[in-house]
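Colleague: Have a look at this one before I ask anything.
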Amino acid sequence: MSRKQAAKSRPGSGSRKAEAERKRDERAARRALAKERRNRPESGGGGGCEEEFVSFANQLQALGLKLREVPGDGNCLFRALGDQLEGHSRNHLKHRQETVDYMIKQREDFEPFVEDDIPFEKHVASLAKPGTFAGNDAIVAFARNHQLNVVIHQLNAPLWQIRGTEKSSVRELHIAYRYGEHYDSVRRINDNSEAPAHLQTDFQMLHQDESNKREKIKTKGMDSEDDLRDEVEDAVQKVCNATGCSDFNLIVQNLEAENYNIESAIIAVLRMNQGKRNNAEENLEPSGRVLKQCGPLWEEGGSGARIFGNQGLNEGRTENNKAQASPSEENKANKNQLAKVTNKQRREQQWMEKKKRQEERHRHKALESRGSHRDNNRSEAEANTQVTLVKTFAALNI
């Protein structure tokens with residue numbers, strides 16, 4: 001038996017060989033990553049890539065995520081997808097070959113997207129070689145082969161979701177596309193493990209927010225018009241109840257003149273009514289004025305006094321005094337009525353404001369309790385499935 005055969009027959013030799021290959025692959029990955037960092041082009045005279053990396057990291061941090069870098073050795077796409085799928089990138093060659101095999105089986109789906117001057121056989125043969133850069137066709141093939149969705153993060157751009165199946169609630173793999181040529185894996189901000197990533201984009205929240213915004217924009221105009229009409233009708237009714245005036249146009253004119261101040265409108269309407277009553281009283285000619293116009297007839301010693309006695313004279317004077325006193329007494333009564341109306345209106349307005357504040361507090365409490373209940377349900381669902389929801393501001397589906 002030769003030495004090689006003896007070495008192969010020893011127990012544990014296979015595991016040691018696999019361990020050695022794994023370490024060799026890791027060293028090659030570290031060297032490729034260092035070389036890729038040194039050879040990255042610096043746009044704008046230097047520091048451009050570092051600035052892009054910092055901006056990208058801040059963008060992901062706002063979503064509770066971070067970059068897990070993989071070497072830029074031409075295998076970065078399959079390394080990033082493998083890290084998401086398995087928790088490490090050591091099986092990138094296997095993922096590459098499986099993707100190429102799927103593209104060959106589904107040739108009619110992928111051949112139209114190959115460049116015209118390159119035959120399909122040559123394209124897939126080149127893609128099967130380690131270190132060959134893979135593009136969108138490989139991502140689509142990988143997603144369909146594994147029946148999952150791939151979400152691509154880019155700097156200052158919406159998320160791209162490549163759907164590998166039409167099923168809902170399927171697994172998602174999140175990768176980052178940087179520098180126009182490199183892919184990295186995306187992880188939770190505190191995830192340093194070698195476990196598979198479980199990230200799920202909250203597209204439902206995004207669509208719900210968009211529909212809510214459209215509904216608010218649609219109903220805002222109608223609600224504002226209805227509210228304004230209700231407020232005007234309510235103000236007119238209050239002025240009508242306080243003054244007894246049934247002239248709708250007159251009340252509206254006074255409300256507009258007083259800038260819809262209900263108390264000022266009530267005072268204005270009462271003054272106008274008082275002026276109308278004064279004019280009517282002047283046109284009726286009070287009895288005192290008639291007595292005065294009769295002149296000597298009712299004076300002492302006149303014909304009326306001799307015929308009816310001084311009683312008629314006293315009655316005429318009394319009636320005249322009543323007529324003279326009535327305007328001042330009526331003014332006092334109107335002032336008292338105005339004070340009562342104003343106080344009543346003020347109390348009613350205070351009661352309405354208090355009721356409105358109570359309704360506002362009740363609505364806030366209901367919204368808070370509903371939001372806390374929804375957050376509790378979501379936290380329970382995350383704890384059961386161990387999936388991290390990724391918020392997003394915009395998304396594009398492929």
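Cβ coordinates are placed from backbone N, Cα and C, and glycine is handled just like the others.
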Colleague: If you check Swiss-Prot for N6-acetyllysine, which of Lys122, Lys238, Lys391 comes up?
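Modeller: The candidate carrying the N6-acetyllysine note in Swiss-Prot is Lys122.
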Colleague: For the candidates Lys8, Lys220, Lys355, I need the one that Swiss-Prot annotates as N6-acetyllysine.
Modeller: Lys220
Colleague: With the ranges 105-110, 177-182, 225-230 to choose from, which does Swiss-Prot describe as region 'His-loop'?
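Modeller: Within the set 105-110, 177-182, 225-230, Swiss-Prot attaches region 'His-loop' to 177-182.
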Colleague: If I look at Swiss-Prot, which residue among Ser15, Ser224, Ser369 would I find recorded as phosphoserine?
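Modeller: According to Swiss-Prot, the phosphoserine annotation belongs to Ser224.
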Colleague: Please report the number of other Cβ atoms within 10 Å of the Cβ of Lys66 (N6-acetyllysine).
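Modeller: Here the count is 19.
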Colleague: Going by DSSP assignments with H, G and I as helix and E and B as strand, what are the residue counts for the domain 'OTU' (65-189)?
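Modeller: Per-class counts: 51 helix, 28 strand, 46 coil.
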Colleague: Could you check which of the recorded positions Lys105, Lys122, Lys129, His182 is the closest Cα neighbour of Asp73 (active site)?
Modeller: His182
Colleague: Tell me the Cβ contacts of Lys105 (N6-acetyllysine) under 8 Å, same chain only and six or more apart in sequence, or just say none.
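Modeller: When sequence neighbours closer than 6 are ignored, Lys105 (N6-acetyllysine) has nothing within Cβ distance under 8 Å.
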